[in-house]
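To start, the structure under review is shown below, and the notes come after it.
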Amino acid sequence: MASSSSRTRSRSPFSHRRPPSPYSSASSTSSSLINNRLLPRSSSTPTSTVYNSGGVTGSRSMSITRTISDSGPIGGSGTYGAQSYPSEGLIGESGQTITSERDSISVTVRFRPMSEREYQRGDEIVWYPDADKMVRNEYNPLTAYAFDKVFGPQSTTPEVYDVAAKPVVKAAMEGVNGTVFAYGVTSSGKTHTMHGDQDFPGIIPLAIKDVFSIIQETTGREFLLRVSYLEIYNEVINDLLDPTGQNLRIREDSQGTYVEGIKEEVVLSPGHALSFIAAGEEHRHVGSNNFNLMSSRSHTIFTLMIESSAHGDQYDGVIFSQLNLIDLAGSESSKTETTGLRRKEGAYINKSLLTLGTVIGKLTEGKTTHVPFRDSKLTRLLQSSLSGHGHVSLICTVTPASSSTEETHNTLKFASRAKRIEINASRNKIIDEKSLIKKYQKEISTLKVELDQLRRGVLVGVSHEELLSLKQQLQEGQVKMQSRLEEEEEAKAALMSRIQKLTKLILVSTKNSIPGYLGDTPAHSRSISAGKDDKLDSLLLDSDNLASPSSTLSLASDARRSSSKFKDENSPVGSRAELTQGVMTPDEMDLLVEQVKMLAGEIAFGTSTLKRLVDQSMNDPENSKTQIQNLENDIQEKQRQMKSLEQRITESGEASIANASSIEMQEKVMRLMTQCNEKSFELEIISADNRILQEQLQTKCTENNELHEKVHLLEQRLSSQKATLSCCDVVTEEYVDELKKKVQSQEIENEKLKLEHVQSVEEKSGLRVQNQKLAEEASYAKELASAAAIELKNLADEVTKLSLQNAKLEKELVAARDLAAAAQKRNNNSMNSAANRNGTRPGRKARISDSWNLNQENLTMELQARKQREAVLEAALAEKEYIEEEFRKKAEEAKRREEALENDLANMWVLVAKLKKANSGALSIQKSDEAEPAKEDEVTELDNKNEQNAILKERQLVNGHEEVIVAKAEETPKEEPLVARLKARMQEMKEKEMKSQAAAAANADANSHICKVCFESPTATILLPCRHFCLCKSCSLACSECPICRTKISDRLFAFPS
């Protein structure tokens, strides 16, 4: 199948479901667009049926068995169940309302093929159709979505139409409102699906063709078709059929919402309807972006209003329905990189589509909450369709490329939510006499009665006095009677033309009326507005003026196709066969006359096209000549057909003379003669116009030839002037040659200087990088030196404390020794004196002496330990001093290298100045002007000096800061707090520099603090729970999901509350 994936996939888990009927998930239509307007405003009454309220007459009956737990992704929150939709029929009497059981919107997905740009970019296929009702993710197979139908990249638009739109069109012809619209991101294929082109028509042309085919197949009913075409551009409604209808307003009455002042046109054939679309497309707003050269910048709504009633005496009321074909503009992201007006347009498009998503989300919740239909013009016009008062078919166009993964996923989520909206479609019927088709039918019958009375000689509304005056006039003279008869004939002719025009506006199937005459529908290739009595030719010219040059050729091709139909159907053989079968009835005769009029209209249309091509042939006469010749051949062919029809009318008139009365025969002959005279006169006018156009074409060709001759003469004069210049003085040539050689040498020198300049710039950048590395190493060394200085100061403090303590201990030791010596001396003296006196207890004295000797040993040991500790500290201090000296040497070496780099940089700037001076000197030789380059050199030298001074000053400041830091680090411990503060200050300066760089990098993106929906207001809201800071206040209140991660918003934090 065309919609299945090109690769082998696992069978869909939904393959067990029964296939739905053509009305499966049938969509509802908006009966409230321009719509909900059953009739023109002048004919609407309060008694008309209100579609928005659901009080409609007639319905279709349908039994549905549906089990849907959820429309979310499979493997996620829920799955789809089986669906069964039996055949349905239309049931309902006048004045009754029979509603069907609940159904859902029909949702189809169409994949477009990957573009050449995506292949070149290296994109891969991420989303693919699995079977014919499933969309699955390549990298996460559990993420899948089920819909009514999924079409692959190789599918065609007719296949999409047969599934998504044809059931809606068929139901609309039976009285049920219908809406078909395409949804997707920019460049996903929405406009191609809805409009198509000449080779591959889209949904709208196929639907129009299908409508007229159904009319042709439906016997016993009369149809009246009207169309309107509008766009919503920047939340402003514009009428595309009427360029003056700008900024229209939406109104409401008992029938629902409608657009005030919208223009409605009666259409008679598919070509006629397509001509209005082509004329409207000329006024539609389009623009270019990064993805599409002609991107739609507005939403368009093409509405086909259908009225039908039973033919003849079987009238049972008028059935009214509307078919809305909508082409939505694509949602845009920051990838489009639009600015100015395009960004403003994208903001309005995103707001309307965001509101549409919010409305669909509210409708799928199933709660009695407020639905914000009035937040956008689009949702207000789609209110009745989304509320479920008709069939709705949603066609989602997506791309499988990996670069649009999130956009495709969001589109699939939108389609999944829309699938859960329930609808209750019903058949519409108008029982009153306010329908336009009924008004036309009554007027036709009244005019026919008046014509019969005129034929019988009975004037309606003529009093007895008027009859007496007529008798007196008859007696007065034959001349007055003749004038009166002529006036009556004119009145008859006017009534007949009025009847014919009103009859033409009503489309009736000709399947069983005249065999061999009409194939599909009456070939009314004309543009006629409802309620206007202008002539057919002028109306044709008006509709032709609405079309653009681009659409003229397509309309001309339609006219050629219709003329080919007439050629096949109205051949002389067929006419002779029909004449041999029997005498034509008056209705058949009138039908032939209508054919003649239609051919005259087509001839006028071709003539206007020929005029436009002649005007365009001034730019390209060769290519336009073939088209002009083809149009002339078509006009001659139509003239031949008109002559054959007139001959057929004449033959049928001769055949009917024997069976008609003399008065009727005379009237017919007079009428036919008048018509023939008119047609001959029109043919003469057309032939005269053709001759004039040919003469104009010949004059244009002669003028073109004259211009070619003038160009040739000018070229000859130019060559002669060149030859004259080549014969100038030899000295001048030599001087010029010398100058050229000098210029070439200067150019060569300039190229060399440029190369040297490039090399110097590269060397400069390398030196800068090296200088930066050295600066980093110097800063690191300085930091180490400062740390070592602090540690050295701490050690010096400790050594000082220990030396003071040692000195104190030495003093105590000396004092203790002195004290011990004095005590020992006294003890010895006392012992000697005591021994001498009485010899008392020497042992005790020995113990005291022993104790004193023990204390002295302990003090000596402690003093030695302290001396050893002092020696260790002095060694550590010496080591610290050595390390500090090494760091100082490294810092001095870094300074020397930095100074050398600065000198090299200054020399490079001098070299650059010299190069600039040399370049300016070369330019001065070429221009022979020495004053200005000298000034430029001076300015360059001044700039270089200023830059060198600035660099030196900056380096001096940096060196000064470093010297201050080192000096502070080498000071006494009294300035330790100052060193700490300086170190903290340097750390703060580094942090500020890093923050400024981060801020500059953040500000590089102009859209980083701009709302991701409207692209206008700054971001002011933090979304919870994802905590993304990406929306302004108004857009955050309107959104239900985060535009970045698509998580549901539970709460909002406003960063800048008012």
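All positions are counted from 1 along the displayed chain.
In case you wondered, yes, glycine gets a Cβ from its N, Cα and C as well.
Among the ranges 322-346, 622-646, 747-771, 922-946, the one that Swiss-Prot lists as region 'Disordered' is 922-946.
Least packed by the Cβ count within 10 Å, out of the binding-site residues Ser187, Ser188, is Ser187. Sparsest Cβ environment among the binding-site residues Gly184, Gly189 (other Cβ atoms counted within 10 Å): Gly189.
Taking the Cβ of Lys190 (ATP binding site) as reference, residues of its chain lying under 8 Å away and at least six apart in sequence are, in sequence order, Ala182, Tyr183, Gly184, Ser296, Asp327, Leu328, Gly330, Thr397. The average pLDDT for the coiled coil (873-904) in the predicted structure is 81. In the three-state DSSP assignment, the secondary structure recorded for Val185 (ATP binding site) is strand.
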